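Q: What TrEMBL records for 7-38 is compositional bias 'Basic and acidic residues'. The compositional bias 'Low complexity' annotation in TrEMBL covers 113-123. Annotation source TrEMBL lists compositional bias 'Polar residues' at 124-136. Annotated region 'Disordered' per TrEMBL: 1-60, 84-136, in sequence order. Marked as transmembrane segment by TrEMBL: 145-166, 187-207, 219-242, 249-270, 320-338, 471-490, 496-513.
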Amino acid sequence: MGAAEPVVERESEEVEVRGENGEKKEEGEERDVEKGEEVGFEYEEQAVAAESNTNDDHNQRDVHMSMMHRLNPTNPLRIVINSNTRAATPPPPSRFSHGSNNIRVGATPSPPHFSHTPPHSQPRSTPNPQPSITTLNSRKYTNKISLFLFLLHMVAAIGLVGFLIFKGVQGLIEASDNRVKRAEKRVLKFFLPQVEAASLLSITLAFAWQKAVRVWPKFFVHFILWTTFLMSLSAGILLICFQKPASDGVGVCFIAFAIGNGLYACWISQRIGFCSKILIKSLEPVSKFPDLNQPIYWMLGVGFLWMSLWNLAVIGALNFYFTPLMIVLLGLSLAWTAEVMRNVANITVSRVISLYYLRGMQSNTKFCFQRALSKSLGSACFGSLFVPAIETLRIVARALNLLEGEDEFMFSCAHCCLRVMESIFRYGNGWAFVQIAAYGKGFVKASQDTWELFERQEMEQIVDSDITSSICFLTGVCSGSMCVIVVAAWTARVHQSFTATISILAFFIGYLMTRIAMTLPHACVGSYLVCYAENPDNRLFDNTIKDRLALMKSGRDVAILTPRVPRRFAAR
């Protein structure tokens with residue numbers, strides 16, 4: 001204590017000298033502070049007079065100050081002193097700065113400094129707000145309303161399928177009319193085998209396409225574009241050759257689609273190189289997760305069983321009232337259910353791949369699958385309702401933009417549709433499933449955040465010109481067309497009147513099963529693009545997208561880009 005006392009005295013003197021220098025600038029303010037200090041120390045001396053026996057003013061102040069530091073902030077004595085201190089005017093900035101520096105050097109703070117800056121009223125530095133980190137393990141359920149509606153729909157669908165199967169069996173066993181029994185037997189003999197054969201063929205093709213796209217991705221893109229054209233054209237010609245009104249109508253639809261498919265393949269020929277590069281690069285992490293295909297296999301197995309029961313329900317609907325209405329309802333239910341199964345697999349694969357890109361994690365596929373079936377199921381149900389409609393609107397908008405010419409009406413309609421597409425894509429797009437999988441967001445929020453990421457990196461043209469979703473769609477059409485060729489030829493041989501109906505059902509089943517299988521490449525490409533937009537400097541990404549953006553900005557990119565709303569129209 002003796003060694004520290006001279007230091008304190010010198011510090012007190014320095015404070016007093018600096019205070020004198022400061023009085024020349026703000027004399028009135030310094031006098032107020034000094035008055036406050038004097039009042040404070042009078043209370044202090046009265047409180048400790050009975051305990052102190054020294055006559056040295058400086059030592060007495062040091063002892064008093066050390067006692068004040070040991071007092072609890074809620075002590076009445078300290079409250080009284082602090083209340084008197086706060087009544088004084090705060091010191092000028094220059095004196096406060098010097099006093100604080102001196103207190104840091106010395107062993108004991110000087111009395112004048114304590115009187116006008118009590119410990120509990122010292123200014124505190126405000127911490128800088130840290131950016132919030134979005135959790136990767138959200139525990140809340142997303143889109144609960146759509147989840148409830150889907151579960152309610154499934155309960156109704158299971159009840160309806162069970163009831164129609166019961167009616168079909170009842171008509172076969174208990175029907176009193178021989179004509180009804182003969183009709184039931186004819187349906188079972190000439191209808192059910194072909195439809196089940198279409199299911200088996202579709203699931204076989206689904207496995208084959210998925211294997212091919214993983215082993216030969218670049219070859220697969222060229223192959224599926226022209227194979228779909230040939231298969232759909234062949235199916236249409238075959239149906240027309242049967243010379244039945246119903247089969248002729250279905251055949252014309254296939255031929256029209258084949259023509260459009262051929263034109264589309266020619267139009268996107270310059271994009272195939274970039275699409276193949278992205279597809280090859282995005283499929284690289286798949287080898288690190290050997291069980292990544294297991295959720296897709298589960299969805300294919302469940303889908304096959306459900307479609308088998310669905311086929312029996314369709315047969316039962318033929319022996320029930322309002323047969324067309326029942327078949328339409330069953331078809332809509334199957335489409336939504338299959339789309340939900342596809343998006344559940346999409347969310348599972350997207351979570352595994354996106355966490356690998358964003359955090360370098362090797363996630364457990366089983367846990368990601370369980371999360372997709374629970375927490376993220378509502379978003380999968382919600383997106384399954386709107387994404388197909390949005391994709392259809394996207395195709396229509398592109399077609400109208402290509403058809404626009406000098407006709408003012410067509411010009412206005414094309415840009416109006418494009419503005420609608422831009423708006424809808426901002427609030428609902430298929431890329432949202434990546435953020436749903438990674439962060440557990442709702443479908444609309446994920447769509448907005450994903451599109452903002454694309455806009456921030458100026459990737460809208462790259463995203464719009466991506467043909468991965470088109471390749472997956474055409475793969476489903478190719479499988480459906482193959483099923484139609486096999487089933488139509490078989491049915492025309494045994495019971496030609498069922499040809500058109502069975503052809504439509506076979507195409508529907510083949511398309512849906514293949515789309516579930518093609519979830520893997522679709523989810524991998526989506527995760528690659530979205531994660532790149534979130535962190536382009538990640539070492540897992542190469543310069544493919546950067547080079548493409550540079551070519552687009554420089555005007556050297558010769559590829560035909562997807563039509564977008566010109567900025568002069570978007571601003572209106």
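Our numbering is plain: 1 for the first residue shown, then up by one each step along the chain.
Every residue gets a Cβ built from N, Cα and C, even glycine.
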Q: Using Cβ atoms only, state whether the transmembrane segment (145-166) and the transmembrane segment (219-242) have three or more pairs under 8 Å that are 6 or more apart in sequence.
A: no
Q: Any chance the transmembrane segment (187-207) and the transmembrane segment (320-338) have 3 or more Cβ pairs under 8 A, given the pairs are 6 or more apart in sequence?
A: no
Q: When you scan the chain for residues with a C-beta under 8 Å from the transmembrane segment (471-490), skipping those not six or more beyond its ends, what do you find?
A: 194-195, 197-198, 201-202, 205-206, 209, 213, 220-221, 224-225, 227-228, 231-232, 234-235, 238-239, 242, 247, 254, 257, 261, 275, 499, 502-503, 506-515, 518, 521-522
